[in-house]
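According to TrEMBL:
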- A:69-103: repeat 'PPR' (REPEAT)
- A:170-204: repeat 'PPR' (REPEAT)
- A:273-303: repeat 'PPR' (REPEAT)
- A:344-374: repeat 'PPR' (REPEAT)
- A:375-409: repeat 'PPR' (REPEAT)
- A:591-685: domain 'DYW' (DOMAIN)
Amino acid sequence: MHQRQILANLLRSCSKNLTLDKGLKSHGAVLRMGFACDLMLNNDLINMYGKCGKIGSAYDVFEKMPERNVVSWTALMCAYLQNGNAQKCLSVFCQMGASDSKPNEFTFSTSLKASGALGIVEYGMQIHGLCAKSGFETVIVVGNSIVDMYAKCGRIAEATLMFEAMAVKNLITWNTMIAGYTVEENGKRALLLFREMQEQGEVPDEFTFTSALKACSGLGAVQQGSQMHAFIITRGFTYDAQTMVAGALVDLYVKCRRLFEARRVFEQIKQKNIISWSSLILGFAQEGDLEEAMNLFKRLRVNARHKLDGFVLSSLIGVFADFALVGQGKQIHALSTKIPSGLDISVANSILDMYLKCGDPDESERLFNEMPAKNVISWTVMITGYGKHGLGGEAVRLFNKMRSDNIEPDSVAYLAVLSACSHSRLIKEGQEIFSRLCNDRRLKPKVEHYACMVDLLGRAGRLEEAKNLIMNMPLKPNIEIWQTLLSACRIHGGIELAREVGEIILRLDGDNTVNYVLLSNIFADAGNWKEGERLRKLVKIKGLKKEAGRSWVEVDKEVHFFYNGDDSHPLTEKIHEVLKEMEKRMKAEMGYVPGLRFALHDVEDESKAESLRVHSEKLAIGLALVHGRLEEKKIIRIFKNLRVCGDCHLFIKGLSKVLKVVFLVRDANRFHKFEDGLCSCGDFW
DNA sequence: CTAGGGTTAG
């Protein structure tokens, strides 16, 4: 056989098997044998380097080629796309337009995929236009790519139009459209199409099932999902190797909170991939079954350590951060220092976040300073954390330092620092940063940024200014920004404005309890009990529900959760005893009066009867006291999913004085550090 | 050289 053909075959096998070392040797051979200018071999080299992740080498080959054809251009585009640089892929496509080579169906398909990956429909539409003009629109591969592009850009209507216009369809066409519909709101359409394709005589394959299952899990339709599961089994699919279908089934059952079923499918997979592992582990963790989650994680660590990647580590750390389980978090932190993916910046960032959320900003700061490489998220994590710890000044300092470190703040970073300012009541600083945002040519302030400013002004009592900001902003105000203003009205007793804003809010969303509760609190506050009571009744009639308040505390490495009025804990009696005793001591020593006023304020209380029951955060504290050896300055950490209630706030302040103990309470909004009768939030919780 | 799933951290 011709030497040239042998080299070509060699290179193609390297591309297929991702064997870079062999590829490099073959490249050497190509040069030695005098094929440096060979068009076909160079094309194969570009492809090989692209597949092996050596995008720089791919470009070098392309650059040195004396002549290029459409395959050379397309191979380079693919190389960029496969290495995660869709933008570059498209710019090569543009450069190609100025060359002698004309795009073919491969080129169009690749450029459409890049547009979809970027999610920029304008690019995709232009390319669609070019396809139509050059007659490639009717080539089925290109048509499929166009449908996919529109779907990926969130243009379901355009995708549907294209799909319906395609005279000839194949299985991939159907699969692409079904996958496109597999977004929450379109899950039903996905399932309808799934049925329709079978009526048209198409036979679903594993791609089809994967999408259809995903549609079920998006809809929370566990019934339909299990039916499909049965159907899949009758079609003879097995889970010997990790199939996409098995992964989708695990995911379906996890999302529908059927952990038992999820595990059953998972255990049948002989070669489990990392996504199924992480899906199941996170499933257990998010259900609060941390023991099971940790057992699975241990198994993963022992049996398939090499499979651990940054995704699993950072998401698992994220769960521990949310539950504030610093012990488990530390375990993974320790592990991450021993494996390669522990060096991922996302893992480092999640560790920073974990220590901050667990109430240890010093540890985060230490790690942050040691990080060899930081990205905008690293900075934002720190700024957000400082903000929640009431360290607004630190947050602002870091925000400014970030720029001198050549990292440009993005929209989220601005939001973090503005929110830190509003929590620490740094009005001047907040206004300066906001005006910087307005002058930043890269970014436009979003409603959320305005909401921060409304909060900042509102908390300072500048209600009219806050209102004018909303009225004059160039964006459509959403319900949240009005709620922010309403809260400010409550703090400062702006009853007239509250009535005005309240009407706007109820018009926008009359189905949300929070609005009624907030409004009725304001009226009750101002002594307008009748109006308050009327709104409260409305809530009852509508039967509106909201998230149940839940607090927890870690005692002896075990986490105990409490709901309001929860008496399921084995030590309930002792908890009540100690709480009563504390109340007595506080009454005697510092004239504490239970905050009746706050019983009404409490955002999660819906009736007086309920407010008499014991709040979850008090129960958690009670348990800590029952268990704890209370040395002076000992820190007790309590966590709550919603905001801490006013009476509890008062109660904990008193406790910190009487017992000389420090309480660190993390609620939905921020951290409260109670020390010697005072709270770090200055009562503006 | 091309089309379909699963995508972490603020």
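Any Cβ shown, glycine's included, is placed from N, Cα and C.
On a predicted model such as this, the values are computed, not experimentally measured, just so you know.
The DSSP breakdown of the repeat 'PPR' (A:69-103), given as helix, strand and coil counts, is 25 helix, 0 strand, 10 coil. Sequence-distant neighbours of the repeat 'PPR' (A:273-303) (same chain, 6+ residues past either end, Cβ-Cβ under 8 Å): 242, 246-247, 250-251, 254, 257, 259, 262-263, 266, 309, 311-312, 315-316, 319-320, 323, 325, 328, 335, 559, 561. In the predicted model, the repeat 'PPR' (A:69-103) shows an average pLDDT of 94.
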